[in-house]
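Read through the structure below, which is laid out as structure tokens, and then see the notes.
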Amino acid sequence: MLKELLAYVRPYRRILILGGLLGLIGSVAGLAMPLLAKYVVDAFGAGGSMAGPLLGLTVAVLIGAVVSASGSYLMERTGEGIVLGARRRLVDRMLRLKVADVDRLKPGDLLSRVTGDTTLLRAVLTNGIVESVGAAFMLVGAIVMMATMDAVLLLVTLGVIVVVGGIVAMIMPRIQRAQAQAQEAVGEMGSVLDRALQAYRTVKASGAEEREIAVVGEAAARARDRGLQVAVWTSLAGVSTWVSLQIAFLAVLAVGGARVSSGALEVSSLIAFLLYLFYLVAPIGQLVQGGVQLQQGLAAMQRIKEIEALPAEPAEPAEPSEPAEPAAEPAERTGDGGVPVGVTFQDVVFRYGEDRPLVHDGVTFEVPPGGLTALVGPSGAGKSTVFGLIERFYEHQGGTITVGGRDIRDWPLGELRAALGYVEQDAPVLAGTLRENLLFAARDVTEDELNRAIARTRLDDLVSRLPEGLETPVGHRGVLLSGGERQRVAIARALLRRPRLLLLDEATSQLDAVNELRLREVIAEVARETTVLVIAHRLSTVTGADRIVVMEAGGVRAVGTHAELVGEDDLYRELAATQFLVG
Ligand code: ADP
């Protein structure tokens, strides 16, 4: 663990050593000050010119100040660099994790790891290390000097140092544990607060403010308690060091006194030895402090490593094989969208976790390239999961899924997702301007293409109505837009990616007649150019579909057109009568 911790410092070791040296030189310059002052006073007494000595003193002060300031600046800079590196690596990993892993993690806790835990690394890795190294040198130096004076007294002193070391070594793991728990509690506080902020309106509407405040407060109190525990152990380490040194002082005094009276030791040596013993107090205290910081750093690193240890999504297929048909070649980024691709599911078996029930139990269906295919079925049938598997947010455990005739496991992940447009059910809109939202999935589109997508998704009304047009901020999660607008923004965003297959999870919520009509037009128009697979919740969508796949309890029950299915399939007829009333 220590080695891993030091790995953060390695790229900065030269600048760190330089910073430490400058700090040292600064202190030495400080030590020279009284001496220089003496020259000034001497010159004054001798009645000579004071200009020379005063100038010398001034220069020394300036040099000392500049050197010390540069040293501490370099240290801080190193600290910031280390924090920046740790944050970048952590965020890089976080955004590349597998969706299945992220489902288990709490966003607030992740946030606290990036903001809080990385900060803890700074103290230990800069001042902690430099001061400890300096202190260790001073300690060794003092011990060597002691050794030249009296071996017996040295043994007494070393005995005490070993005892101090033992006590501190016993306390250190406890500090680390308490610190880890403190950081955990901070993470918990973050995740509880995040929960409340994410469902802000629900919290208010439920009158749950007091309760949520209490829950966040409890997590904060837990962090305080653990912090206090750290403080207790730290003070204990400090006080036991102090007491041990006092005992050493008394023991050296007693043993040394006896040796002086027996003539084995000179009084002057005893006095010098005792002075060195006092001199030891500062470096030992610094070493203990460095040890405490080290434990805090280790606790923080543990939480950072927990995330870094999670696997990232594989960017490339395990064993690339030849595409089965030419249509699977990378989309041409010319024209409006690449060649439409089809999708097949063949006996697909999937569960979200080892201990979870099967969500797909032999799902088989085919979506030919182009046209509109609707997925329908009761809630929980596994429709959204179909999308999750096509996007490879999750890996299916059995059967085969192909996109464009090519097994999705053979597609490089980035290429596969570039071929797909995906509109989630809640049609998420991110904080930022409308333009930023539209360009989120495709940064390099021209103004022309942007306007065309806006027109196709019937967003031109909205854009002309907004005070600053495309540059209008849409609020956190797009709260300033209506549900239907959010959905069409999400569709426009997906279309700008020129998808070869559009996955559209229709909102279950009611749309007004105007928005409903617009949505139908948009879907029909897009389906003329590319493959559209839609999880349908409204009659207008299914009646316009070229084919409908009826899913039930993790399987495909029937496939056909609306007219066929109404005649043939009981479940579909029931769905059409109840679920699709929104049409
Ligand atoms: P549908 O879209 O047809 O309503 P879903 O595909 O969303 O159905 O869900 C099918 C089943 O899988 C449900 O029982 C649901 O609880 C479960 N499920 C969905 N998403 C997850 C997930 N991320 N983790 C665990 N279980 C999930």
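Using N, Cα and C of the backbone, Cβ positions are placed for all residues, glycine too.
Pulled from TrEMBL, these are the features on record:
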- 17-296: domain 'ABC transmembrane type-1' (DOMAIN)
- 343-578: domain 'ABC transporter' (DOMAIN)
- 313-338: region 'Disordered' (REGION)
- 15-37: transmembrane segment (TRANSMEM)
- 43-67: transmembrane segment (TRANSMEM)
- 120-145: transmembrane segment (TRANSMEM)
- 151-172: transmembrane segment (TRANSMEM)
- 230-255: transmembrane segment (TRANSMEM)
- 267-288: transmembrane segment (TRANSMEM)
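Counted over residue pairs separated by six or more positions, the transmembrane segment (267-288) shares at least 3 Cβ pairs under 8 angstroms with the transmembrane segment (151-172), which defines the two as touching. Among residues of the same chain six or more beyond the transmembrane segment (43-67), those with a C-beta under 8 A of the stretch's C-beta atoms are 22, 25-26, 29-30, 32-33, 36-37. Model confidence over the domain 'ABC transporter' (343-578) stands at 89, taken as the mean pLDDT rounded to a whole number.
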